[in-house]
Amino acid sequence: MRTIDWAGDAVELVDQTLLPGECAVIRVGTVDGLIDAIRRLAVRGAPALGVAGALGVALAAATEPDPAAAAARLRAARPTAVNLAWGVDEALKHLDEGFEAVLGRALEIRDADIAACHAMGERGADLVCELTGRDRPRIMTVCNTGGLAAVERGTALGVVQTLHERGRLAGAIALETRPLLQGARLTAWELGRMGAPYRLIVDSAGPFLLARGEADAVLIGADRIAANGDTANKIGSYALALGARRAGVPFVVVAPESTVDLATPSGDLVEIEDRDPEEVLGVRGVRLAPEGAAVLNPAFDVTPRDLITAIVTERRVIRPDRGETP
Ligand code: MRU
């Protein structure tokens, strides 16, 4: 199954807002429809957003009177994952050559993502066994970094999948990932489909369970890796990194090269998306907080480089804890 693909004259994507109850594919034939799908997280996860951005420029080339203006709107649909802007920019380089050239570049980006996730899975699985000194490590992870966050296979959850396929996964612990529950809804669904052993926890249990020795490594994805190695990822990642450091557990970022943003010197310069207060005030339309409650809802946080043991990409392993930078 592909999370996102081109289908003749439209983008097809799995509507992730419906999972795990329903696995439905929707067709999106306009740039504004794609922007809406990105904003409501029907398609989400940094690598998938990169492919969406590139395919969206193909849609713009085919349907928009001013494709460059439409691409600029698409590029700004969500601010934190650099992959979206990267995918748009890569496809835009071919706009003057016409629709077929733009689509060709977008399909290359799709195919490169599939290959990159396989490579990260292999490299990451080897590294985790080496760092933990375990043949069958136990992995903690946050948000959803599986095939649903990419095209076919994921980043951090791709490493978990590779370990499982090698018969080397002792177990996964997935944080539920409030407020939108990507861990409970999507990661648990993917781990179940893999047949991998897993347990789901509330986000606030993560650091304590690390202190209690319940996981051998923390693996996360990334939305943007700054030039100095600081890493923006789903809210809750920073707390896990602090807990991992205190517990002496390796904290590993798994992300494609397209997530590395050398134009952003450090994490404090990454724009963090603040989302709708309604996401915090209740769960899926059921109001929990009292009327008048004020909300802070940052969708991402930044883990400083000194808390990161390693960054794994499809090409290399970077060791921020040894002073290496991307
Ligand atoms: O808000 P989301 O669901 O798009 O956030 C996704 C994440 O934070 C992922 O961890 C990140 O994009 C890496 S996905 C391989």
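Every residue number used here counts from 1 along the chain in the order it is shown.
Including glycine, each Cβ sits where the backbone N, Cα and C put it.
Since this is a predicted model, take the numbers as computed values, not measurements.
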Per TrEMBL: substrate is bound by ARG44, GLY45, ALA46, ARG78, ASN233, LYS234, and from GLN161, GLN182 the site also lists GLN182
C-beta crowding around ASP223 (active site, proton donor), within 10 angstroms: 29
For CYS143 (site 'Transition state stabilizer'), which residues in the same chain are close in space, meaning a Cβ under 8 Å from its Cβ, but six or more apart along the sequence? ALA149, LEU175, THR177, GLN182, GLY183, THR187, ILE220, GLY221, ASN233, LYS234, GLY236, SER237
Between the C-alpha atoms of ARG44 (substrate binding site) and ASP223 (active site, proton donor), the distance in angstrom, to the nearest integer, is 11
I want to verify one value. Collapsing DSSP to three states, which class is ASN233 (substrate binding site)? strand
Three-state secondary structure of GLY45 (substrate binding site) from DSSP? coil
Residues satisfying Cβ distance under 8 Å from ARG78 (substrate binding site), sequence separation of at least 6: ILE38, ARG39, LEU49, LEU84, GLU273
Taking the center of the Cβ atoms of ARG44, GLY45, ALA46, ARG78, GLN182, ASN233, LYS234 at the recorded substrate site, which other residues in this chain have a Cβ no more than 8 Å from that point? LEU49, ALA81, CYS143, ASN144, THR145, ALA149, GLY221, ASP223, ALA299, PHE300
